[in-house]
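K.L.:
Pasting a structure below so you can have a look.
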Amino acid sequence: MTTTVGSYLATRLSEVGIENHFVVPGDYNLALLDKLQAHPKLEEVNCSNELNCSFAAEGYARSKGVAAVVVTFSVGAFSAFNGIGSAYGENLPVILIAGSPNTNDSIDHNLLHHTIGTHNFDYEFEMAKKITCAAVQIKHAKDAPSLIDFAIRECLAKKKPCYIEVPTNMSTQSCALPGPIEGVLYQSPSEPKTLTAAVDAANKLIGSRLKPTLLAGPKLKSAGAEKAFLRLAEALGCAVAVLPAAKSLFPEDHPQYAGVYWGNVSTKKADAILQWSDLTICAGCVFTDYSTTGWTSLQPATHRIEVDSDNVKFPDHYYGHIKLADFLDALAKKVSKNDKSVVEYQRLRPVPPAIKAAEPSAAITRQEMARQIQGIINSKTTLFAETGDSWFNGVQMDLPKGAKFEVEMQWGHIGWSVPACFGYSVGAPDREIVTMVGDGSFQMTVQEVAQMIRLKQPILIFLINNYGYTIEVEIHDGPYNNIKNWNYAALMEAFNANDGHGKGFQVKTGAELSEAIKKAKSNTRGPTLIEIQINRDDCTNELISWGHYVALANARPPIT
Ligand SMILES: Cc1ncc(Cn2nnc(CCOP(=O)(O)OP(=O)(O)O)c2C)c(N)n1
Ligand SMILES: [Mg+2]
């Protein structure tokens with residue numbers, strides 16, 4: 001009894017939890033697409049192009065935990081590489097599957113279409129190795145089971161993308177049947193002796209400091225350590241802040257929550273309490289020029305314990321092969337309560353300003369826009385914040401219990417949010433998705449709104465039209481930040497054609513915005529795009545300040 005390479009791959013994708021795979025067909029992957037589509041528990045989702053396809057898979061992995069994107073050789077894969085770069089930087093297990101030339105062609109020394117016109121067809125595989133944790137080429141059917149299992153196992157264990165190249169004449173070839181999926185899912189546990197040593201060292205250091213705090217980072221999610229982090233927070237009883245890319249990973253209605261720590265553009269005075277603290281346990285944190293506001297907010301190493309996905313770093317010790325959740329849980333069982341930082345935080349916590357509704361007929365402002373968006377966020381909302389001033393508007397939103405926040409701050413590809421929220425929604429149709437995206441970003445990946453119409457997704461898109469690349473303006477302005485304006489709301493008519501239910505509104509006042517939001521709420525058969533026209537310089541003061549420090553960091557002279 002045997003199976004085929006294509007069916008083997010389909011079985012494995014389904015067994016790891018994938019129900020929808022994102023595709024753009026091409027002659028090198030058609031036979032494979034047939035095999036995937038034939039699987040009773042797999043349903044393909046078509047995308048408009050491979051860039052959006054890879055971002056849709058990246059978004060699906062955010063809601064489902066793992067994703068697959070299937071493209072054709074070179075012309076497809078090269079665009080998909082961008083979303084794979086995002087998955088790598090954002091720690092998301094996305095399986096990139098690329099159709100490739102017939103295995104006889106390299107032997108016959110043929111030149112082929114969809115290649116760079118040489119006899120070497122391995123360049124894509126070589127490139128994929130650089131941006132994935134595992135890359136395999138299936139050149140012989142008998143190797144398919146081991147190669148597919150290896151690539152998927154690495155992808156899931158490391159929470160990084162992998163690459164599986166399937167020649168066009170391989171999908172229908174016979175190969176051995178798959179064994180239990182446990183052989184792919186198995187991951188070695190934390191090394192017990194090292195775990196105990198690290199927890200004892202942490203407990204001792206925490207006990208030696210007066211006012212410890214906790215900082216949540218984005219890797220908490222990929223490590224599945226959010227609950228363990230909450231347990232440690234409640235065992236220690238200290239103030240808890242989150243990095244911007246970790247917003248919503250700790251409940252914002254929790255009495256210990258102290259805001260988003262982002263240097264001098266932090267929310268709720270998170271920067272004050274962390275700078276007051278003499279030790280911060282940083283769990284799953286990623287400190288970059290953007291997340292530290294141009295390196296202005298990184299605490300001294302002597303004040304940090306850095307708990308990463310599989311290791312713990314102290315100022316003077318390193319402990320490897322420890323899973324993040326195991327360490328947090330074991331430490332939660334050891335630490336004594338020390339609530340000094342949360343007591344101090346009660347003194348520092350700013351009273352939220354009461355933002356009054358603007359004059360309904362006045363020209364809409366960013367502040368009025370943010371006030372009204374805040375008003376629709378509920379426990380079922382997943383808020384997507386695109387690169388741009390949307391980052392700062394999004395980070396400042398208060399999230400009720402259950403609300404989630406998605407941002408792509410590591411890779412930062414403008415336009416990510418449109419295909420990503422589309423893919424996320426395929427994986428989590430019960431979530432109410434609200435996306436904040438600027439006009440410049442929207443122009444990059446707008447086509448996937450048409451796919452939202454096709455799948456009747458009631459996604460609400462706030463398109464902030466400030467007539468250009470405002471985030472870039474605040475970092476470093478020039479003529480290149482001016483873009484051609486579109487009639488964005490009118491796009492929905494074009495995308496609907498004769499069978500769609502997408503709605504588009506252009507709003508210039510607070511009254512028009514609240515009316516458009518009402519109509520969006522009743523549009524359950526498709527997406528609603530609300531284009532909000534605001535002044536080019538009407539941005540958050542946080543963007544201006546952050547942009548200033550990032551520009552300074554970019555401008556550092558070369559070290560001679
Ligand atoms: C693929 C890609 N290309 C260029 C950039 C650089 N960049 N980052 N932000 C921007 C402008 C974003 O403009 P918008 O979306 O209009 O956002 P706002 O800041 O709200 O105006 C650029 C051009 C980028 N981040 N990603
Ligand atoms: Mg803009």
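Including glycine, each Cβ sits where the backbone N, Cα and C put it.
Automated prediction, rather than curation, is the source of TrEMBL annotations.
Note that the structure is predicted; figures quoted are calculated from it, not measured.
Pulled from TrEMBL, these are the listed features:
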DOMAIN    4-107  domain 'Thiamine pyrophosphate enzyme N-terminal TPP-binding'
DOMAIN    199-324  domain 'Thiamine pyrophosphate enzyme central'
DOMAIN    408-532  domain 'Thiamine pyrophosphate enzyme TPP-binding'
BINDING   Asp439, Asn466, Gly468  Mg(2+) binding site
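Are these features on the surface or tucked inside, and what are their neighbours?
P.N.:
The domain 'Thiamine pyrophosphate enzyme N-terminal TPP-binding' (4-107): residue composition by secondary structure is 53 helix, 21 strand, 30 coil, according to DSSP.
Taking Cβ-Cβ distances under 8 Å and a sequence separation of 6 or more, the neighbours of Asp439 (Mg(2+) binding site) in its chain are Leu463, Ile464, Asn465, Asn466, Tyr467, Gly468, Ile483, Asn485, Trp486, Tyr488.
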K.L.:
Could you give me three numbers for the domain 'Thiamine pyrophosphate enzyme central' (199-324), the DSSP helix, strand and coil residue counts?
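P.N.:
Secondary-structure breakdown of the domain 'Thiamine pyrophosphate enzyme central' (199-324): 39 helix, 29 strand, 58 coil.
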K.L.:
Average the per-residue pLDDT over the domain 'Thiamine pyrophosphate enzyme central' (199-324) and send me the rounded value.
P.N.:
97
K.L.:
Going by DSSP, how much of the domain 'Thiamine pyrophosphate enzyme TPP-binding' (408-532) is helix, how much is strand and how much is coil, in residues?
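P.N.:
So the domain 'Thiamine pyrophosphate enzyme TPP-binding' (408-532) is made up of 56 helix, 24 strand, 45 coil.
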K.L.:
Other residues with Cβ within 8 Å of the Cβ centroid of Asp439, Asn466, Gly468 at the Mg(2+) site?
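P.N.:
Near the Mg(2+) site, beyond Asp439, Asn466, Gly468, sit Gly438, Gly440, Ile464, Asn465, Tyr467, Tyr469, Thr470, Ile483, Arg536.
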